[in-house]
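Remarks on the structure that follows.
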Amino acid sequence: MESTFIMIKPDGVQRGLIGEIISRFEKKGFYLKALKLVNVERSFAEKHYADLASKPFFQGLVDYIISGPVVAMVWEGKSVVTTGRKIIGATNPLASEPGTIRGDFAVDIGRNVIHGSDSIESANKEIALWFPEGPADWQSSQHPWIYEK
């Protein structure tokens, strides 16, 4: 099974969207493998977004991520990286389809509620950064009702 990293950003936490977001991933049939509520340090946020360090919006993004707690999660499932990105919606909420998290809950690209890994490689890197202890090793009893063998 594939894994992905999902982070509910400070605006999503402050607006009380944690349960709604978790519910959407669970209803799709994905498994929550790790979760923590974290106040992110500046140096950690800079490390997480290191690939964007040369972008003009980098410092604003870092300031946003450290402005309040985030919910960091690992989700597992078939094609969870690609499907997770579809559940989340486009980076710019105004380009996101209704029914996606950003399409339903965000209007500004600078307050777009959620982060999701954009590739398997990014997911592996982000999971290792945020969860060095690794995710929980368990399987839902619903597994055979969601996935064929």
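Using N, Cα and C of the backbone, Cβ positions are placed for all residues, glycine too.
Among the features that Swiss-Prot reports, ATP binding site is placed at Lys9, Phe57, Arg85, Thr91, Arg102, Asn112. What Swiss-Prot lists as active site, pros-phosphohistidine intermediate is His115, and the listing cites experimental evidence.
Positions of Swiss-Prot features highlighted on the structure.
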residue: Lys9; record: ATP binding site; DSSP (3 states): coil
residue: Phe57; record: ATP binding site; DSSP (3 states): coil
residue: Arg85; record: ATP binding site; DSSP (3 states): helix
residue: Thr91; record: ATP binding site; DSSP (3 states): coil
residue: Arg102; record: ATP binding site; DSSP (3 states): helix
residue: Asn112; record: ATP binding site; DSSP (3 states): coil
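In this structure the C-alpha atoms belonging to Arg102 (ATP binding site) and His115 (active site, pros-phosphohistidine intermediate) are separated by 10 Å. Counting in whole angstrom, Phe57 (ATP binding site) lies 16 from the residue listed as 'active site, pros-phosphohistidine intermediate' by their C-alpha atoms.
Fewest other C-beta atoms within 10 Å: among the binding-site residues Thr91, Asn112, that description fits Thr91. Distance from the CA of the residue listed as 'active site, pros-phosphohistidine intermediate' to the CA of Thr91 (ATP binding site) is 9 Å.
Each of the binding-site residues Lys9, Arg85 was scored by the number of other CB atoms within 10 A of its CB, and the lowest score belongs to Arg85.
When the alpha carbons of Arg85 (ATP binding site) and His115 (active site, pros-phosphohistidine intermediate) are compared, the span between them is 9 angstrom. The ATP site in the record is lined by Lys9, Phe57, Arg85, Thr91, Arg102, Asn112, and its two most distant CA atoms lie 21 Å apart. Looking at Lys9 (ATP binding site) and the residue listed as 'active site, pros-phosphohistidine intermediate', their Cα atoms lie 7 Å from each other.
A simple way to gauge crowding: the CB of Phe57 (ATP binding site) has 12 other CB atoms within 10 angstroms, across all the protein chains here.
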